[in-house]
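Enquirer: Encoded as structure tokens, here's the structure I'll be asking about.
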Amino acid sequence: MAEIIPMKDSCRPGTRNFGRASARTKTAGHVPQPFDSEKVPLILEFEVRRFLRVANQIEAESPRAAYLCRVHAFERAHSMDKNSIGRGVRQFKTALLKHLEQAEEGTKRMRRESSDALELKYLYDKYHNKRRISPSESSEESINILLEVLKAVLSGTDSETFADGEEIKGNSANYFRYNILPLHPDSSQQEIMRLPEIKASLAAIRNVRGLPSDKSYRKESAPIDLIDWLQHIFGFQEGNVANQREHLVLLLANLHIRQIPKPTSMSKLDDRAIDELMEKLFKNYRKWCTFLGRKSNIWLPDVKQEEEQQKILYISLYLLIWGEASNLRLMPECLCYIFHHMAYELSGVLAGSISLNTREKVVPACGGEPESFLRNVVTPLYTVISEEARRNSNGTADHSKWRNYDDLNEYFWCIDCFKLGWPMRLECGFFSAPSTTKDRESETTTRKWIGKTNFVEIRSFLHLYRSFDRMWAFFILAFQLMVIIAWHNLESPLEVFNSPTFEDIMSVFVTSAFIRLSTVVLDIIFTWRTRQNMSTFQMLGVVLKFSVGTIWVITLPVYYVKSRQDSFCSADEDWSQFGRQCLPQYMVAVAIYMTTNAIEMALLFLPSVGSFIETSDWRIFGILFWWAQPRLYIGRGMQEHQITLLKYSMFWLLLLPCKLVFSFQFEIKPLVESTKQIMEMSVRTYEWHAIFPKVKNNFGAVLAIWTPTTIVYFMDTQIWYSIFCSVFGGVYGMFCHLGEIRTMGMVRSKFSFLPAAFSARLIPPPVKKRLRGNARGPLGEKPLRETETQGRDYVTFAAVWNQIIYSFREEDLISDRERDLMIVPLSSGLGSSGVHWPLFLLATKFSAALSIAREFVGEYRLLDSKIRSDVHMYSAVKECYDLLNNILDLLVVGDRERRIVSAITTEVETSVSSSNLLSEFRMNELPALHEKFIQLVEILLENNRAQSSNLVELLQDIFEIVTKDMMIHGHRILDSIEGPRSSEGDGASFLEWHEAPLFTPKDGEPVLRFPLPDDGSLKEQVRRLFLLLTAEETAMDIPINLEARRRVTFFATSLFMDMPDAPKARNMLSFSVLTPYYKEEVQFSEGDLHSSQDGASILSYMQKIYPDEWKNFLERMGYKASERPFVEDCDEGLNREITNWASFRGQTLSRTVRGMMYYREAIRFQAFLDMAKTEDICGGYQEVGRACGGRRGTHSLWAQMDALADIKFTYVVSCQVYGEHKASGDPRARHILDLMIRYPSLRVAYIEEKEVIGPNKPQKVYSSVLVKAVNGLEQKVYRIKLPGPPIIGEGKPENQNQGIIFTRGEALQTIDMNQDNYMEEAFKMRNVLQELLKPEGGRPPAILGLGEHIFTGSVSSLAWFMSYQESSFVTIGQRFLAKPLRVRFHYGHPDIFDRIFHVTRGGLSKASKTINLSEDVFAGFNTTLRCGSVTYREYMKVGKGRDVGLNQISKFEAKIANGNGEQALSRDVFRLGRRFDFFRMLSCYFTTVGFYLSGVMSVLAVYGFLYGQLYLGLSGLERALIDGARTQNMRFLETALASQSFIQMGLLTGLPMMMEVALEKGFREALTDFILMHLQLASVFFTFSLGTKLHYFGRTILHGGAKYRPTGRKFVVFHASFTENYRLYSRSHFVKGFELLFLLILHNLYGSKPQGRSAAYALVTCSIWFLTLTWLFTPFIFNPSGFAWWKIVEDWMDWNRWMKNQGDLGLRQDKSWETWWNDEQLHIRYSGLGSITLDILLSLRFFVYQYGLNIVVYVLSWAVIVAIFLLVKVVAEGRRRLSVDFHLMYRLFKAVVLLGVVTAVMVLFSVCRLSVMDLFVCCFAFVPTGWGLLRIAQAIRPKIEGYSIWSSVEALAYTYDYVMGLLLFAPVAALAWMPVVSAIQTRVLFNQAFTRHLQIQPILGAKSKRR
């Protein structure tokens, strides 16, 4: 295609003539459709798209102007890429040129003016005038675009001029785009810009007086503010400057408005606001300067005005650095280094300093030019980060071979960082990479790689010992001490002082010395690779520690042995002589040795002293600290307050004695007694031979029985922690008022208390009361009183309550009727001045009152007292009466009829006041009157004129019933109306009276106002009266929806919990919500909803799972319950609503966004309550919106609410690949745009990757971009160029990091895209934010945790288990971690961060590849190490979704276990373990990596038990020992091992769950749920999950391989194929299950058969069998349709196809066994030598199975192994040579091989006289041995892969996997033959659904349609 040429000047608009256009157009004057403005190449997007958008916008008003805009867009595109080398540029230009050619002539004829310039001028003036009236962002952009095009037209011709010398003025350089604050001068009248705090902040940053005025520092025009001046000085980007300008203005404004006492002038920025921001922002910088011994470069003048200006300059400088730092934001001390130098330069510039070198004024070394900061400062540092990340090899490289973010940041913790200089010298070692072999050979490298800093992550379980060495030392020494005491069999505590008991006890100090030395040795080994970065003092410290440790290891044993030989120790001696005679020299050495421990113990209980010593700058303290711990920037001064310390210390001082006493009595003491017996026996006869033949005292037996018990001893503290945590956490929850209101019945009974509780918690108190403080009850609660009068507080409560109920209706949780029953009426037209209760409280009360009145016998006084005793009943009666009066007063307009109604009313009220109602009225007629009134109200509700005659008849009937049947003196009513009638006149008057019946028109004048006026208040009265009259008992059960019930009860409960006072909306902390998003579902498309390729469609699934909500949705859409809209019949709007309905019930981004936007709605509503009068609140929030709807741009109340919400709340979704989605046309991009259109305040940040035309070829440029929706289109607000691709570590934290710069406020809530929020919870947000201002333990919270409700646990049993497990952790678990243990970290979202704290300390998470896989928890680690406080509150909850299928849950568990494995290796856990005090360190261990290690140890105990029993049984040693000891069994071992079964069976997980459910729902409900869960096989699920955790945790520590595992978050439960299950669980569960199965069978075959086995033995054996079967068959039990025969057939065919497929290049794991097998071993390929060696050593255990066999079978087993190898090789070779070309020969060959095998077996049977049992035993021997050989071969694969033997290894592996698959498949297939099994499985899996009467079979049945 020929290149597109530009248009010449002669062809400018107005004079150009596209000659070809007329020939190409079909008709003259043809105007094509508008050109698509969104399909623009990324390279042209910013410069071209805006012209095309404006063209489409003005197309209808002026087609010619639109054409000219497109011409200008074409010229812009051509000038940017003349050669069309950018991606998609050629196609775009061709399409646009073709469009212009078609439109030229047609648009020219359609212009209004005589020329193009006048046409543009006309449109420009029109929009300019419109902007003056109503300024808006879209109109401003249109004006600037038109102006730019107009100038271009005028510059191309001289023939067009304007009349009277009119000129065009304007500046189109910066058209009007903004995020929150419209800072354009023409926008000053917008409501948000009129706020005094905004004005004050803007005035402060626009104060540029006194700044250097030299031309070197000035732009062409004067700087508009301080940030603009800084941009020119240092070369920051325009987008960064604009972003941080708004950021700073909002920060200062919100701080300014919150100052107490209030500033004297709100129009001037308060100095306290600036000082507060300075203190927060620079706290870390000043601490860094102090640590490095440097003075801060923040220099402030003495003049107050200049001081304020310079403070803002320093703040602005830091924010600008941070905003443009890209990945450097994750390195806070690196930012301190940059700021330190740039602040110095700024001070020099402000002071006008002269450079000593140039003799000129100081200028910034790295600034001046545009983007110079990015180019000269950020890019070099980013390059280092990027290069190190590249060397990570996507997480497979060893951690020691590359520097992560922590290594690079910690370089700036030492004074050597200043060697980098400023500008930074790139030749420094910091910027170098490790030299390769080629570099070393050529010796060209001049820079040395500085390597790791302070810490090296080495893959070893010893990290867990090193990090928590004090804990292990304590348990080891306690173990030794208890063994000594048990060995001496002491009867009295005083006997410990007897010799030799005391002498043995004193040996623990020798053990302690060895433990200390081992810790020092490990420190040296693990830090060896950081030696080149160590200072001299650090090296000296290591040497001294090693030397001192070695000295003590030598000294203490020597003195101990010597003193023991010379001692005369006895408890009978005088106590004064005891120390002199018992080990005198040794005791002195011990006293010296324990000196450091004594100091540490003293500092433990004096935390303030310890904190002062650690953070002090005094040299003496520095020396002490240097000896105790390496001097690091973080981890100092973490001590808690004295009271807090005592709390968690007491917890462990209670727990540890219980654990130690139990271990001594039930584990160690019985075992010691049996050990003595075993050691005294002499066993000389073995069935084969002993493994330890030359060791005395039966060492092998002792080792076999002590190994599992020792493991259990170190593990069972986790059990005790779980028990204590459940008990104490439950008690603490009770004190927090959890479960105060658990049911809707309790809500109704306590509803009268809710307004007072609401007022005390959620209504801002008066200023005086807030300053004085509030009275509180004994538990910290404010005294509550029952509401009796209708004041403003009650009106406010009612308004908020109604808003919550309306949100329920919008979410389709309740129906219209339920909404009407639940709202609290506020309309003034309801009559009564008392409290109007919601109708669900008054249900049946009116009918009950009628029944009581009808049947009552006695005085009216008693009846009145009885009705008044029930407040709600009295309210119902009174309200019915008042409403009826109001309605009749409006309905009846005839004079006579009104007098009749008034007379009846007067009679009733007179009777009531005189207590004669029962004597004046017949109450037995009330039911008939009740029915008539119901019919009357029904007619009024319908309000149809056709019902007029029926209405008249009803009123006449009512009048007759009242006057004739009920009233004793009813004739007096007629007398009062007609006057006294004589007997003569009675007949005439009576006839006249009957000639005009009541309520009928008289003389043509209507007497009834019917239909009633269309008035909302009147309709509400009629509807409420109808519901009062007709409410049934079912109304007491509302809401029916379980989720609505839960939300109402929790909201009511939270009102009785302790929370800070609510500030006014204007004074609340500002905050943002940040949601990282990658490629998950945004919302379901119509195709997704109705697609059933993978089973039941999503829509049908939702309809079955949420039947009541679907019914409510249909009602809201105007359909009846029996009607079902079909897709074909639905319009676009209904289809969109259906899509939204389904999306809001899945784990989609749209659900999350809707939930988070409730925050904004709540702030607006709270602002309305703060500003509105009581009558306005009664009028209704919606009414205010409707009243202001037409004048949103004016200074209305609605506009003020919007403005306040804008400055208080920002929501940013960080959509990492949104740019890719747009470029590829992914529907998710459109869905995200739809969300921005639906929620205009939503902002989307994403990473833009576009090509920029360079000198030779396009270059990729990366930018962080913020967009919003304007006029239904996406608009870029800010673009900040990046130094390179930002995703170089873990994706999620990097995604958060690029989006955080666009957030605002002082707090930041992190929300995942599978979370939800609720309107009622959003109302508590301002209370929650106040927590950040409350010091806790001396420090305000830096991270505030919130509760979560798991919304995915409603149907599937697995989802229910996962929901309860997750709920127990996020409630009782985190509650106890926060208080009293003080070790809560950040466990994911929805935590709220102190934004300023984390902005200056590394962000919201860590992002290093692999090591920070669980990125969230590292934010908590980092915060704690930096002396931040982390706490937790439960009075607010957000929703969260979890995976509901077993495979998805297992992937999630695997990811968490991977992450915990990496945590165990991390420097953060190491530093926490070393720098916490002893008790807090225990809490940290058992709540983080200790939980996973305890699980590993519990399974290791099982292995130790079984292998020990196997050794004892096969050797015959067990039988000999039992016979010798004359005992039937070894109860000591069984009792010890019984405890580990609690972990295996998931009971530890169930205990906290049961406690939390008991708190929230009651103990009966908790017990019921606990029983039901285990009947639904919850213990099976938890035991299986244990296997997942320990496998991936252990494998990660040894071999790595940790990675993010996407689970899909699908809501539909589907069937997983047998192949998929085998791939997922083969190595993690099946292999281990088969190994345990082998061990159990051999244990039963060769073990002893004692009689009368104990209960402990049964528990141990049954738990191991349970564990084995669970690991083998759980994936099939919890697989939907797992036992359906047709599924079994499909799975079998799929399994065979998978096993036979060759692993060709590019074939996925799910398609080929060979590909999967190779991928399964990747982690071993990248393992270190130590891990591989350990793996080989562990594989040797499989050779133990051959031990104990007779010699013939032993030899035959090895012969069989060799034969199988040869046979596999022969068959494989035969397949390769014969299977394709000689197929018949190949089949004959297989037959010969089979006959040979059978013949060999028969010969062996006959010659060697083998039995079938021998063959069985032989199989048990060679099968494990072959597996062991296979594992060894896999471990050394790189060494043998190139040899021919590797093909045999592959064939052997294939055989093992195929046989294991058959062994698993056979029992599953056998059970599938029985239909009852499938039915039972379905019931177990979906019991929750059956309980709720949901239809599951249609969902599962739909999946069969695929066949």
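Cβ coordinates come from backbone N, Cα and C, glycine included.
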Enquirer: Could you check which of 411-431, 642-662, 1566-1586 is flagged in TrEMBL as transmembrane segment?
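Expert: Within the set 411-431, 642-662, 1566-1586, TrEMBL attaches transmembrane segment to 1566-1586.
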Enquirer: I'm validating the feature mapping. Which of 876-894, 1199-1217, 1541-1559 is tagged transmembrane segment in TrEMBL?
Expert: 1541-1559
Enquirer: What are the helix, strand and coil residue counts for the domain '1,3-beta-glucan synthase component FKS1-like' (309-425) according to DSSP?
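Expert: Reading the DSSP string over the domain '1,3-beta-glucan synthase component FKS1-like' (309-425) gives 78 helix, 2 strand, 37 coil.
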Enquirer: Are there at least 3 C-beta pairs under 8 angstroms linking the transmembrane segment (471-490) and the transmembrane segment (1658-1678), leaving out pairs fewer than 6 apart in sequence?
Expert: no
Enquirer: Tell me, what is the mean pLDDT of the domain '1,3-beta-glucan synthase component FKS1-like' (309-425)?
Expert: 90
Enquirer: Let me spell it out: take the transmembrane segment (471-490), skip the flanking residues so only those 6+ beyond its ends count, and list any with a Cβ under 8 Å from a Cβ in it.
Expert: 465, 496, 501, 504-505, 507-508, 511-512, 515-516, 660, 663-664, 668-669, 672-673, 676, 710, 713-714, 717, 1478, 1481-1482, 1485
Enquirer: Go through the chain and flag residues at least 6 beyond the ends of the transmembrane segment (540-560) whose CB is under 8 A from any CB in it; none is fine as an answer.
Expert: 506-507, 509-510, 513-514, 516-517, 520-521, 523-524, 527, 534, 583, 585-586, 589-590, 593, 626-627, 630
